[in-house]
Every structure is written in structure tokens, then in C-alpha cells.
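Below is one structure, written out as C-alpha cells; the observations come after it.
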Amino acid sequence: MDKIEVRGARTHNLKNINLVIPRDKLIVVTGLSGSGKSSLAFDTLYAEGQRRYVESLSAYARQFLSLMEKPDVDHIEGLSPAISIEQKSTSHNPRSTVGTITEIHDYLRLLYARVGEPRCPDHDVPLAAQTVSQMVDNVLSQPEGKRLMLLAPIIKERKGEHTKTLENLASQGYIRARIDGEVCDLSDPPKLELQKKHTIEVVVDRFKVRDDLTQRLAESFETALELSGGTAVVADMDDPKAEELLFSANFACPICGYSMRELEPRLFSFNNPAGACPTCDGLGVQQYFDPDRVIQNPELSLAGGAIRGWDRRNFYYFQMLKSLADHYKFDVEAPWGSLSANVHKVVLYGSGKENIEFKYMNDRGDTSIRRHPFEGVLHNMERRYKETESSAVREELAKFISNRPCASCEGTRLRREARHVYVENTPLPAISDMSIGHAMEFFNNLKLAGQRAKIAEKILKEIGDRLKFLVNVGLNYLTLSRSAETLSGGEAQRIRLASQIGAGLVGVMYVLDEPSIGLHQRDNERLLGTLIHLRDLGNTVIVVEHDEDAIRAADHVIDIGPGAGVHGGEVVAEGPLEAIMAVPESLTGQYMSGKRKIEVPKKRVPANPEKVLKLTGARGNNLKDVTLTLPVGLFTCITGVSGSGKSTLINDTLFPIAQRQLNGATIAEPAPYRDIQGLEHFDKVIDIDQSPIGRTPRSNPATYTGVFTPVRELFAGVPESRARGYTPGRFSFNVRGGRCEACQGDGVIKVEMHFLPDIYVPCDQCKGKRYNRETLEIKYKGKTIHEVLDMTIEEAREFFDAVPALARKLQTLMDVGLTYIRLGQSATTLSGGEAQRVKLARELSKRGTGQTLYILDEPTTGLHFADIQQLLDVLHKLRDQGNTIVVIEHNLDVIKTADWIVDLGPEGGSGGGEILVSGTPETVAECKASHTARFLKPML
């Protein structure tokens with residue numbers, strides 16, 4: 001079996017295609033966005049490979065696995081078990097970190113448990129248990145003739161007169177003791193003060209160091225250890241300042257007796273109670289009610305709503321504030337910012353123990369007076385948040401919560417004991433906070449001695465390999481402690497790719513979805529090297545990809561097309577790259593051979609130095625106090641290697657600030673910055689990302705873009721509808737009335753099968769049309785509402801040509817290249833690139849003011865060369881209306897058409913975070929320090 005044969009694949013829009021795919025090769029599937037690449041790679045090949053493997057398991061095991069739907073295909077042979085690495089599923093679990101996903105943390109836990117050296121957190125001395133022979137040898141290694149005494153500590157730093165203890169010691173025959181550092185006779189002990197802390201050590205033996213003492217010393221040590229419960233001190237008799245030798249037979253700190261259980265891997269896991277910091281439960285952050293969120297606008301007065309829910313409108317709470325104002329003599333009508341710090345403290349944190357006279361008035365106007373302390377607004381919110389049963393109250397209060405690093409563990413997530421175990425003077429949290437590149441250096445230079453080297457050998461190999469794979473997929477800038485929620489789709493995908501290589505499987509079919517997303521050209525070669533490595537192990541690697549380098553590196557290319565959606569689903573060309581270039585119908589071939597290309601614009605829009613948006617002192621994540629200057633009304637690209645700080649600067653700093661000031665939204669807290677100027681040039685900010693436009697099958701392009709409302713109004717205006725009294729609501733499949741109630745307007749009914757995938761069967765009442773018979777009797781221009789929803793955008797544009805409002809909205813969907821999706825197509829079936837373009841179309845169809853700030857993060861994801869051309873036309877059109885466009889992008893075709901580039905770097909992670917150069921593409925291409933310039937120059 002050296003090939004995979006597919007016959008009659010009809011999944012989604014595939015048109016009954018037949019394919020022969022060579023095994024153990026690197027195969028790139030390419031084509032327009034929406035042409036059916038994912039349908040072939042994921043929904044047919046992967047789904048079938050996975051399904052066959054899972055069906056070989058017992059029925060009992062199958063119920064725990066989510067089964068894939070059986071693809072609509074006549075026959076596939078030559079499949080191997082399949083593993084898919086997609087972008088979607090990043091973990092939203094706050095306990096997942098880069099270290100735990102890659103399993104490096106598990107190996108680190110093992111390493112620290114087996115060769116770690118525990119130390120005392122207070123005295124920084126190694127905890128060690130010694131045998132009597134080791135103690136004797138240590139004493140005998142002192143210079144010969146030295147006068148020493150052996151002490152057994154009985155009482156350490158405890159208050160009291162301790163007369164009983166001293167009498168007991170004397171009665172046991174001991175003559176001397178050292179009390180608080182002074183040696184005295186036990187026959188006449190000093191009187192100890194009751195309120196002071198005392199230390200009492202018994203002198204067990206006094207001797208001069210010489211060779212024949214071994215037996216005597218061993219007996220003395222045994223006595224001393226028994227008396228003291230496991231510790232002994234050897235002190236110099238002549239020089240009281242000399243350093244004393246501390247011995248312990250327990251696994252403990254010889255100074256304070258701090259001891260810990262035997263080291264085991266779970267002590268280093270922050271997801272296990274044995275290792276997690278008890279304050280934050282191993283999350284590394286604590287939630288608290290943030291005064292800055294509670295008081296959004298310090299210019300308002302308390303009466304005017306400085307604290308939401310505590311103003312005039314809320315009678316009960318406002319009475320409390322008024323009584324508080326009478327007591328502390330402040331004015332509830334004065335702006336919050338003008339009140340004294342003490343008033344701020346009382347209002348937010350309460351009056352402590354001080355009783356205050358509160359006047360309460362009930363609905364009838366009767367006043368009652370009660371005296372009690374004021375709990376404070378923040379404490380009140382905290383209490384209500386903990387006690388409430390209502391999810392609405394909890395959601396409302398959650399808006400005021402922020403996170404801060406846990407004070408006990410300083411954000412390391414581990415308990416105190418685990419933070420004080422060292423390997424080569426480095427504790428575990430220090431390794432987790434290193435970037436992966438640094439960690440790799442650390443382990444390469446780690447030299448352990450003797451037995452420890454043998455124990456650690458295998459563990460270190462596993463850690464080293466995994467770090468190396470992460471570096472090879474371009475993730476050297478991440479830290480192991482980075483939370484999984486903060487990773488971008490491309491990063492998460494490449495982490496999973498690295499852990500797959502770490503697994504070293506052979507004979508598997510890997511299906512990858514655009515692994516180059518979010519990767520700078522510089523890291524691309526390493527990524528391709530990784531894929532080729534997977535192939536050379538003996539795996540079939542199938543990649544859905546648009547990247548030119550990937551297509552050139554492939555052994556076998558499959559070009560799906562010729563168009564998208566209903567116009568796609570056929571194999572236009574397949575074979576090595578030369579064969580693809582020779583097929584005139586293949587768009588991919590034309591772009592690869594240079595017959596078509598994305599042109600560099602003839603002239604760029606010059607920047608107007610008067611009109612700029614200036615953000616100063618951005619310091620989020622790895623940004624090093626940078627100042628960003630964006631020309632207003634231009635198409636700007638933010639570039640830089642992965643991890644250089646692009647997303648932090650734009651998505652985490654600029655966007656939240658602009659959102660607060662322009663849209664009045666209070667969603668996200670911007671990363672730290674000093675100042676921003678120039679927002680007055682804009683009236684709104686819009687972020688167009690690739691998140692799905694709706695998570696339910698009921699959401700679709702028609703409802704999202706607002707096309708559906710006028711369509712329903714048209715249907716409600718038909719004479720027949722008016723005669724029956726139908727309103728536009730009758731034509732909605734989301735409300736009772738017009739929809740089919742058997743399937744509640746879904747068109748399908750879900751049948752749960754416990755050992756097989758859930759089956760969706762068309763509803764037998766409406767035959768999948770979503771509406772009841774009466775609604776479907778109404779026709780507009782001869783079509784029912786169901787037939788309209790079933791039209792592609794292109795057909796609908798023609799059909800509604802006479803309705804200008806609809807025609808305009810549909811035209812914008814066509815402008816962004818979505819001619820082929822259906823109006824009623826479920827949002828869950830759209831790809832990321834398609835969802836993003838539906839959003840773009842929605843923005844385009846609004847009447848533009850020409851003063852909008854658009855922010856796009858890697859809009860070329862999932863787009864073919866021809867799609868990128870269309871996207872650029874749309875973005876340039878938006879710019880020509882005077883809008884400002886900021887795009888984070890790695891794609892050189894987009895970068896070269898920008899008016900202005902801001903390049904961050906020079907490296908990722910701690911090696912980045914500076915703005916290297918900003919200016920026109922021609923200026924940037926000349927910058928020696930920039931990695932982007934190196935790749936951009938040949939394009940211009």
C-alpha cells in the first residue's frame with residue numbers, strides 16, 4: 001500500500017471526486033478559500049481515518065470518544081490512523097500552561113523530585129539528613145588539637161523560666177549547659193526571665209580533635225541526638241565567634257528545624273493540592289474587586305453615578321452614602337476626584353470599627369435610625385458576589401473584578417516548599433519563567449555529578465528534545481509558564497505539532513490546517529523542516545496551506561477549485577509543482593509561475609505629519625516603553641517576527657484604549673501605557689477578527705449582516721401576507737408562529753446515539769425547510785422564504801436587484817469574494833477566513849463616515865493569492881474613503897502594498913518589544929536590523 005485512494009467524495013461541496021494520494025509524502029492541498037480543501041483534508045480523509053480507528057475499539061471505550069460524522073464518500077483505501085492538528089481548539093482552562101501542554105512540566109517535576117536539593121526558605125541552607133558516621137568524620141576532619149564541645153539543643157527560642165527542664169538535666173547527670181550563648185553550671189543555673197525567649201543547649205562532651213576519638217564521639221553523638229530529637233551542634237571552646245557545625249539526623253534545616261516530606265513529583269504540580277499554592281489554589285492570580293473598574297469616571301459625583309448602582313436611582317444604597325456623608329462631612333454632589341483620600345478609603349473599604357448613624361426611610365416615608373459600621377462598597381460587592389444565588393447579579397458584579405498576581409507565591413502557582421528546591425542553584429519557577437530558547441541553553445549546559453547524573457540522564461534527554469522541537473517550530477520566545485489561554489491560534493497549533501514530533505509516531509496520517517499562521521517568513525523554513533522531519537519518520541503529512549514556500553516544498557500538490565463554494569469542489573490539478581504550473585485553469589499554478597501576481601501599488605498615499613495617532617510609553621508584556629505613531633487615513637501594516645509584541649501593542653493596548661474612548665465600552669483593561677493623542681480624528685474603532693460570527697446553527701450570514709430583516713419585511717408586504725395578517729416575525733425561524741414547531745425552526749432533528757456519532761436527520765414535518773406549510777404558501781416573485789435562504793449570495797444579488805437596500809448589502813458580500821455562500825448557511829460551517837469576510841462586508845455595507853479606525857489581525861489566514869487580491873481591494877477602498885486601517889500581518893503580498901509599515905523586533909519574547917523602524921515599505925526594506933526587511937526587499 002503506497003497510496004491512499006479516494007473514490008466518489010461528496011462531503012459538503014466536493015463534486016464526487018476521485019484522487020490517488022501518495023503515502024509517506026508531504027502533500028499540500030491548496031485552492032481558493034471555500035473551495036473545499038478542508039472538506040477533503042479534514043472532513044473526508046481525517047474523519048474517515050479517525051472513525052475507522054475508533055470503530056476498532058470496544059463499544060464501551062467508544063462512548064467516551066466523540067465520533068466523527070461518516071463522510072459522504074463511496075470508498076477510501078490505504079488510510080492509516082489519523083491525527084489532526086487544527087487551530088481552533090486552544091484550551092480555555094486557566095490551569096493549562098505551555099509547560100503542561102507540551103508535558104515538559106511533567107518531566108521537570110520528575111527531575112526536581114529525583115535530583116533536586118531542598119533548602120530552608122528562611123536560611124537558604126540545604127536540608128540534609130546525616131548518619132552518625134558522617135557526623136563523626138566531619139568533626140575529625142577539623143584541625144588536630146582544636147578544642148570543641150558537643151551540644152544538644154533542648155529548647156529553641158521559647159519563652160518561660162524553664163526551671164523544670166534545667167532540674168531534669170542536672171538530675172540526669174549533666175554538668176554544663178549553654179544558655180542563651182553563655183556556658184554555665186547546671187548546679188547553679190541563672191534565673192531566666194519569663195517573658196523572654198531562651199535557647200538551652202546541654203554540653204554532652206568536650207574534647208580535643210585527635211584520631212582515636214571515633215568510638216567515643218559516636219556514642220556522644222548518639223546521646224546528643226536522642227536528647228535533642230535529632231540535632232546536634234559542635235562549637236569551638238576557645239573562639240566563641242567561630243562558625244559552629246550543625247548536624248541533623250532528620251531531613252531538616254539544622255538551624256530552625258524546618259523539614260519537609262520526601263520529594264515526590266506531585267509536590268511540583270500546581271494542579272495537585274500537594275504542590276499548589278494554598279492562597280490561589282495554583283492559579284497564580286487572585287481575583288479582587290478593582291477600585292479603578294468600580295469608579296469608571298472620577299469626574300462624576302457619587303449622586304451622579306460615580307459608582308454604578310450606588311447613585312440617586314438606587315434608593316437604599318444612596319441613603320447609606322448620604323448618612324456616611326453627614327458623618328464624615330463630605331458632599332455627595334461633588335465630583336469623586338475632588339474628595340479627600342480618607343473619604344475614598346471609607347467609601348470603598350468601609351469605616352472599620354467606627355459606628356455610624358444610618359437613617360433609613362421605608363416606602364411609607366417612616367425613618368428609622370440604626371448604628372453600625374459601614375462595610376465599604378468593595379467589601380459589599382465581594383460579599384454579594386460570594387452569597388448570591390442569581391447568575392445575573394454575579395455577572396453584573398464580575399464586571400468589576402480584576403486579576404493580580406498572587407501575593408503568596410508571586411504568581412509562580414507553587415507552594416513554599418516546592419519553590420525552595422534547587423537543581424544547580426535554580427528553582428523550578430525560575431526555569432518556567434525562562435523563554436524556551438533560554439531553557440534549552442540552561443539544560444544544554446547543565447552538568448550534574450556522579451549518581452545524580454545517571455538518575456537524570458533520561459529525564460534530561462526528554463526535556464531537551466521537547467525544547468528543541470518547540471524552538472524548531474519557531475516558539476523560542478514563549479515561556480513555559482505562559483497560560484494556554486493567551487496563545488494565538490497559530491502558536492497553539494505549533495505547540496501541538498511539537499508535541500506530536502516529540503511522540504515520534506510512525507505510519508500515521510497527519511492533517512494540518514495552515515501551520516504557518518502567525519509565523520514570520522524567517523521562522524517558516526524551520527517549520528517546513530519540521531514537517532519534512534515528520535514525513536521522513538515515515539508518516540503521511542497532509543497540509544492545507546496557501547504559503548508559497550510550503551507549496552514549493554511539497555512532494556505532491558492538490559489544487560481544489562476552480563472557484564469557491566458551489567463553483568469549487570473539483571480537483572483542478574494535482575501532482576508535483578511543475579504539473580500544477582502547466583495547467584492553465586489552476587489559479588495556484590498561475591500565481592506560482594508568476595503569470596499572475598499581486599502588484600505593488602503605483603503610488604502610495606503619503607502620510608500627513610499633522611494628522612497622526614500617537615501612543616506613548618506602551619509597556620505591556622514584552623514591550624519596552626515604545627511610542628507608536630500611526631498616520632491617520634493610511635493603510636498601515638504592523639510587522640515583526642512571532643512574539644515581537646505586535647498583538648500586545650495593537651490588540652491589548654491600542655484597541656482597548658480606543659474602544660473605551662470612542663465606543664464608550666468598558667470591556668477590556670488596556671495594557672499599561674502613558675498617554676495617547678490623536679483619537680479625535682476618529683469616531684469609532686472596529687476590530688475585525690476571525691472568531692466565528694455565531695456559535696449556533698441558527699446564526700447565518702443573512703441574520704449577521706442584517707439582510708434578513710428587509711427580506712422578511714418584503715415577504716410580509718406581499719398582498720397574500722397582508723390578507724392573512726402576517727407580520728415580519730412570521731418569517732423568522734427563531735420565534736413561534738411561522739416556523740415548523742416539530743424541529744423548532746432548525747430544519748433537522750438531533751438523534752442521540754450512544755455509541756455512534758449523534759445523527760441529524762431532516763425534520764419529517766417540514767422536510768428540512770424550517771417553516772410550516774402556511775408560511776411557505778407565501779411567495780415573493782415566485783420564491784418562498786425557504787428558497788430565498790437557499791440562494792447563494794450571487795443569486796440573491798440578482799433576485800433582489802430592484803431593492804436597493806438589499807442589493808447594496810449583498811453587493812458588499814460579493815466584493816469581499818463571498819459569492820458562493822448561501823444566505824441561510826449555518827454560521828458554524830463557515831471557515832475562519834469566511835467569517836472574517838462576512839464581518840468585513842457588514843462593516844462595508846454601513847454608510848461610512850470615513851473616520852473609522854479598523855484593526856485586523858492577520859486577515860489573510862485561510863486566503864488564497866486570489867482571495868488576498870480581493871481583500872486588498874476592499875481594504876484599499878476603505879482607505880480611499882478616509883478611514884485608517886491597521887493590519888497585523890506576516891504575508892509579504894499585503895505588506896508590500898501598505899502605505900506605512902511599523903516593524904517590531906528584533907527577536908521574539910524578551911529579545912523583542914522595540915519598534916525597529918517605521919515608514920514606507922521602501923524605507924523599511926533598507927533597515928539592516930529588521931528581519932522583515934530582508935524578505936521584503938526582493939518583493940519591491
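For all residues, glycine too, the Cβ spot is worked out from N, Cα and C.
According to DSSP, Lys37 (ATP binding site) sits within a helical segment. Other Cβ atoms within 10 Å of the Cβ of Lys37 (ATP binding site), summed over all protein chains shown, number 28. Residues or ranges marked as ATP binding site by Swiss-Prot on the basis of sequence analysis: 31-38, 640-647.
Summarising the annotation, Swiss-Prot assigns zinc finger to 253-280 (among others) and lists sequence analysis as the type of evidence. Residue counts for the zinc finger (253-280) under DSSP (helix as H, G, I; strand as E, B; rest coil) come to 4 helix, 2 strand, 22 coil.
Annotated domain 'ABC transporter 1' per Swiss-Prot: 310-587, in sequence order, evidence recorded as sequence analysis. Confidence across the domain 'ABC transporter 1' (310-587), taken as the mean pLDDT and rounded to a whole number, stands at 92.
The domain 'ABC transporter 2' feature in Swiss-Prot is assigned to 607-937; the stated evidence is sequence analysis.
With DSSP states grouped into helix (H, G, I), strand (E, B) and coil, the zinc finger (740-766) comes out at 0 helix, 8 strand, 19 coil. Residues annotated as zinc finger in Swiss-Prot, with sequence analysis given as evidence: 740-766 (among others).
Non-local neighbours of the zinc finger (253-280) in the same chain are 95, 100, 105-106, 108-110, 112-114, 116, 118, 120-123, 125, 127-128, 156, 231, 246-247, 286, 406-409, 412-415, 417-418, 421, 428; each lies 6+ residues outside the stretch with a CB under 8 Å from one of its CB atoms. The secondary structure of Ser644 (ATP binding site), as reduced to three states from DSSP, is coil rather than helix or strand. In sequence order, Gly474, Leu475, Tyr477, Gly490, Glu491, Gly518, Leu519, His520, Asp523, Gly908 constitute the residues six or more apart from Ser642 (ATP binding site) in its chain with CB-CB distances below 8 Å.
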